């Protein structure tokens with residue numbers, strides 16, 4: 001049987017190669033494109049975002065990552081509000097995300113189409129404190145400057161891009177630990193750059209994974225040879241033979257047991273897949289700033305303190321929250337009006353006292369003090385209704401509110417009719433006296449004026465009683481249109 005061929009890649013990130021049935025002997029030191037998905041889910045959970053949307057370029061590389069992300073989101077019980085896919089023009093799809101009230105958008109597209117996406121986002125106002133974009137982190141530096149396929153200026157693109165989070169594997173570990181090679185990742189990087197510059201070679205983001213890959217091969221072959229020597233010593237009195245299948249199984253077992261600290265971090269495989277470190281960067285004022293990393297081995301998200309900058313006072317909400325809120329009488333305004341009303345009632349009380357005390361004074365007597373008293377009492381009743389009209393659902397219960405509606409209506413109508421009726425009766429008496437052209441002495445007593453006021457009150461009472469019997473006042477709750485309030489929208493009730 002031929003020797004099993006093992007393959008170790010340092011740059012192949014396609015998720016297709018993760019299929020162990022098709023590629024049982026394939027290993028890679030670089031994390032696959034799918035490796036970012038558990039990190040994204042952890043990031044979403046950190047900010048309690050449980051409703052997201054996806055926007056994917058319609059090519060295999062991105063759709064495979066999106067499909068894996070969908071599984072991860074479902075396992076984490078995160079709702080996918082909308083899944084959009086596009087080929088060339090993303091604007092229709094971005095508009096659908098907005099129409100579905102998607103606030104947290106996970107994008108999978110290349111940098112050329114990323115410029116188009118953010119141009120659409122700018123035109124649709126899908127940026128700022130209410131939105132969070134999460135996109136791939138492997139784009140070329142200043143990718144937005146090379147984008148010439150959009151109608152947006154660079155300034156507009158930068159405005160829409162501000163605050164996006166990008167996710168990609170960490171090319172070199174940030175930990176200052178001496179690894180298997182006896183160098184820290186930083187020392188290795190300096191040495192790599194020195195050698196590279198001497199030879200005039202461009203840098204590659206995969207160089208650390210290639211370096212650690214060589215160490216994986218060296219460690220594996222060394223360990224397999226040790227195992228074979230050990231086996232040979234135990235079989236020294238017999239004919240020692242080992243077939244290709246056995247050697248293949250040994251290599252497979254040793255590769256799966258790989259565990260050392262390299263320049264790219266802890267090197268470990270799970271079903272041939274590298275359990276690497278995923279880094280989070282945020283676009284802040286024209287440059288990408290590292291804000292945290294995710295350790296796949298420990299399943300731990302570590303965000304750097306105070307580096308993430310949200311454009312609002314807090315992280316965006318993952319949906320529009322509709323909060324039912326009762327619209328209430330403004331308490332300071334009610335207090336001011338109540339104070340003025342009390343002053344008015346005190347003034348009316350002073351006039352009433354003055355009127356009663358001086359009722360026998362000639363001038364006061366001539367002005368009909370009883371009618372004056374009625375005017376004052378009517379005014380005081382009208383004043384009292386102001387207190388009742390200011391009592392809303394925040395002060396009284398629903399049942400008391402209905403009773404209050406009836407009481408304040410009766411008090412205001414009776415008060416107004418009493419005050420106006422007394423003034424009308426006095427005016428009528430003046431008119432009746434002075435229309436007498438013969439200037440004969442004519443006396444109209446207060447009793448007649450009381451009858452006029454009483455007649456007016458009787459008409460009011462008949463109307464009020466009929467109203468109360470036929471169609472009494474009832475409390476109804478009215479819903480008003482949504483009003484934006486920061487990240488919330490408020491339905492106002494009264």
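Glycine too: its Cβ is placed from the backbone N, Cα and C atoms.
Any TrEMBL annotation is an automated prediction that lacks curation.
Residues 449-470 are the range that TrEMBL records as transmembrane segment, among 449-470, 471-492. Among the residue ranges 308-329, 374-395, the one that TrEMBL annotates as transmembrane segment is 374-395. Taken residue by residue, the domain 'G-protein coupled receptors family 3 profile' (333-472) breaks down under DSSP into 113 helix, 0 strand, 27 coil. Note on the domain 'G-protein coupled receptors family 3 profile' (333-472): mean pLDDT across this stretch is 85.
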